[in-house]
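Q: Copied straight from Swiss-Prot:
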type: ACT_SITE; residues: Thr198; note: active site
type: ACT_SITE; residues: Arg199; note: active site
type: ACT_SITE; residues: Asn200; note: active site
type: BINDING; residues: Glu434, Thr435, Val436, Arg437, Arg451, Ile477, Ala478, Lys515; note: 3'-phosphoadenylyl sulfate binding site
type: REGION; residues: 1-169; note: region 'N-terminal'
type: REGION; residues: 170-394; note: region 'Catalytic'
type: REGION; residues: 395-572; note: region 'Allosteric regulation domain'
type: SITE; residues: His203; note: site 'Transition state stabilizer'
type: SITE; residues: His206; note: site 'Transition state stabilizer'
type: SITE; residues: Phe330; note: site 'Induces change in substrate recognition on ATP binding'
Amino acid sequence: MANTPHGGVLKDLLSRDQPIRGELLKESETLASILLSERQLCDLELILSGGFSPLEGFMNEKDYNGVVNDLRLADGALFSMPITLDVSQEDIDELKLKAGGRYTLRDFRDDSPLAIITVDDIYRPDKAVEAKKVFRGDPEHPAVKYLYNTAKEFYVGGKIQAINKLNHYDYVGLRYTPAELRQEFGKLGWNKVVAFQTRNPMHRAHRELTVRAARSRQANVLIHPVVGLTKPGDIDHFTRVRVYQALLPRYPNGMALLGLLPLAMRMGGDREAMWHAIIRKNYGATHFIVGRDHAGPGKNSKGEEFYGPYDAQKLVEKYKDELGIEVVPFQMMTYLPDSDEYMPKDEVPEGTKTLDISGTELRKRLKFGLPIPEWFSYPEVVKVLRESHPPRAKQGFTIFLTGHYNSGKDAIARALQVSLNQQAGRTTTLLLGETVRSELSAELGFSREDRHKNVQRIAFVAAELTRAGSAVIAAPIAPHEAGRKEARETVEQGGNFFLVHVNTPLEYCEATDRKGRFAAAKRGEIKGFTGVDDEYEVPSNADLVVDASQTQVRTIVHQIILLLESQGFFGN
C-alpha cells in the first residue's frame, strides 16, 4: 500500500476538475492570460498533479511567509520551499491583476491554456529575507541569483483549477503523475518503496547503493530522476534517461521501477531535501534516500561549500515523524577490486585496497575517449554516455576572433577555414562580421545595445552549429567585454569556445585602412565606430593573443591549430 499523501489527501487537481473542464476551457478564452516561464511550468505541473500536495495553487502571502520563516504553511503543515508565481508591475497594470480576479495560466511554448488562477493576493516579497532564510544568502547561490536577477518583484497567490495537462513529447510512458504511480505500485503489489532522487547518470555504485537500501528494508526501488530544471552544466535529461533505461535490467528482476519527475530544482540543500521527501511521499514512496550534500550547488568562487555535507540528512531526520517518510542516509560506496564488490566506505576494513573514479576523472575520460572500467560503470551505460558526449576529436568548437576593424580578423578567419577543411572530419562555417551584418543583423545600428544584439545572434548560431559538431569561425569586432562573456557562456552550454584577441595596434589598423572607414568616422560620417568614438574593451580572458602587424597570417593560423591540437581536437 502506497504512503499517505502529505496533508492526508492527494490534491490531484486534474482529476478533481475534469468534470467541469469544458466550462473552464470556455471561460479561459475570456480571461486575461499570464504566460508561464519554464520554471513556472514545472511548478504548475506538480501543483496540478498533486506532487506538491497539500498545495492547491501558488502560495499566498501567509503561506509564503510561514514557509520562509518557519518551514510551515499557514495551517501548520510542514513545507520547506516557497512555490510562487512572480509578476512585474507591468504585468499587474497590463493584465489588471487584482485580488479576486481570475486569470488564465498559459504555456509559453504553444500558448495553450493550462489552468485558471483565482487570485488571493498580490504581494511584494522581501527577497533579502527569502535569500537568507531559504538559501542562506550567499549571492553566488544559483537560487539567490535567480531571485535577484530573474524573478519579478511581485508574487501572485491563489488557488488553481486545472484545464489541461502539460504536453510532453519525450518519454511519455515514464511520466507518471502521483495518482498513476500509486496505481502502478498497487498493480505490482509494492508496499514499501525506496525512492532515489538523482540529476546525474547512474553507475554501478548507485545500483549497489539502491539495491542494498531496498534489501535491508525488504522494499522495492523507485528510480525517480529530475527531468525539469537542474543545475546548469548537468548532463541533459535525454541522455540521463537513456542511461537509467540501460541500467534498469541490471537490477534483480522486479525490484526497480523508473519514473520521471518534472521538477524545477532550486539546489536548496537541506530545505530542498525536505521538499524532495514531501514530493516522494506524495508519489507513494515510504522511504527516501537523502545523499551527502543533497541538492547542493557545489562550491562558490572561494571554494566554499554552500551547505554542510550532512545538513540535508539532519533536517529531514529532525522532521521525519511529521513528514511520514523514512530517511535512508546515502552511503558512499567504494569498489574493492580483490573481492570484486562494492561496499559502504565506513564498512571497509582498514588496509583494504579500494578504487574510485571521481566525476572530474569520468568527464576527462569521456572527453578524451579514454577507457572507463567495467567495475565503475556497465558497458551499456558507457555506450549511451559516449554517444551523447563524443571525445574531443569528434566535438565541435567555435573560434571567436575579436579585434579592431581592419585588424586582420577576416584574413585570419578565411585562412583558418581552409586549414580546418584540410583536417577533415568536421564541417566548417565562417561568420565574418560584415556577412553577419548584412544577412542576420541588417536592421541593427552600432549603438552599444545593437552591438550586443549582433554578438548575441552570432553566439546563438555558433552554439547551434558547435553543438552539432561543426567548427565555427566567428570574426566580429565584438568590442565589449560583457558581450564576449555572454557569447562564451552561450556556446559553452553545448560545446567548446576559444577567444582569440587579434591585438593589432589601432594605429596600424588605421594606417592600412584602404577603404577609408577610420577617416570617415573621424569626419563624423560614421557614428559609433570602434576606436574613434566607441571604446574597444581589451579582453581579460583571451585563449590566444595575436598581432597581425607583427606576425604573418600563416603563422597565426598555425598557432590556432596548435591550440586546438593541444586540447585534443584532432585526435591522439
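Here the Cβ of each residue, glycine as well, is placed from N, Cα and C on the backbone.
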Q: Expressed to the nearest Å, what is the distance separating Ile477 (3'-phosphoadenylyl sulfate binding site) and Asn200 (active site) at their Cα atoms?
A: 39
Q: Whole-number Å distance between the CA of Arg437 (3'-phosphoadenylyl sulfate binding site) and the CA of Thr198 (active site)?
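A: Here the two Cα atoms lie 44 Å apart.
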Q: Determine, using Cα-Cα distances only, which of these recorded positions is closest to Lys515 (3'-phosphoadenylyl sulfate binding site): Thr198, Arg199, Phe330.
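A: Smallest Cα separation from Lys515 (3'-phosphoadenylyl sulfate binding site) among Thr198, Arg199, Phe330: Arg199.
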Q: Taking all residues of the region 'Catalytic' (170-394) together, what is their mean pLDDT?
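A: A mean pLDDT of 94 is what the predicted model shows over the region 'Catalytic' (170-394).
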Q: Counting other Cβ atoms within 10 Å, pick out the least crowded of the recorded positions Arg199, His203, His206, Arg451, Lys515.
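A: It is Lys515 that, of the recorded positions Arg199, His203, His206, Arg451, Lys515, has the fewest other Cβ atoms within 10 Å.
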Q: Once the DSSP letters are reduced so that anything not helix or strand counts as coil, what is Ala478 (3'-phosphoadenylyl sulfate binding site)?
A: coil
Q: Which of Thr198, Asn200 has the fewest nearby Cβ atoms, counting only those within 10 Å, among these active-site residues?
A: Asn200
Q: Compare the C-alpha of Arg451 (3'-phosphoadenylyl sulfate binding site) with the C-alpha of each of the recorded positions Thr198, Asn200, His203, His206, and give the closest one.
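A: Closest by Cα distance to Arg451 (3'-phosphoadenylyl sulfate binding site) among the recorded positions Thr198, Asn200, His203, His206: Asn200.
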Q: Taking the Cβ of Val436 (3'-phosphoadenylyl sulfate binding site) as the reference point, list residues of the same chain whose Cβ is under 8 angstroms away and which are at least six residues distant in sequence.
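A: In sequence order, Asn454, Arg457, Ile458, Ala474, Pro476 meet the Cβ cut-off.
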Q: List the same-chain residues at least 6 positions away in sequence whose Cβ sits under 8 Å from the Cβ of Phe330 (site 'Induces change in substrate recognition on ATP binding'), in sequence order, or say none.
A: Leu209, Ile289, Val290, Gly291, Arg292, His294, Gln313
Q: I'd like the number of other C-beta atoms within 10 A of the C-beta of Ile477 (3'-phosphoadenylyl sulfate binding site), please.
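A: Within a 10 Å radius of the Cβ of Ile477 (3'-phosphoadenylyl sulfate binding site) lie 23 other Cβ atoms.
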Q: Say you check the Cα of Asn200 (active site) against those of the recorded positions His206, Glu434, Thr435, Ala478; which is nearest?
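A: Answer for the nearest of the recorded positions: His206.
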Q: For Val436 (3'-phosphoadenylyl sulfate binding site), what is the secondary structure by DSSP, using just helix, strand and coil?
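A: Its secondary structure by DSSP: helix.
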Q: Would you work out the biggest C-alpha to C-alpha distance among Glu434, Thr435, Val436, Arg437, Arg451, Ile477, Ala478, Lys515, the residues that bind 3'-phosphoadenylyl sulfate according to the record, and give it in angstrom as a whole number?
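A: That value is 21 Å for the farthest Cα pair.
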Q: Between C-alpha atoms, which of these recorded positions comes nearest to Glu434 (3'-phosphoadenylyl sulfate binding site): Arg199, His203, His206?
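A: When the Cα distances are compared, Arg199 comes out closest.
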Q: Can you tell me how far the Cα of Thr435 (3'-phosphoadenylyl sulfate binding site) sits from the Cα of Thr198 (active site), in Å?
A: 45
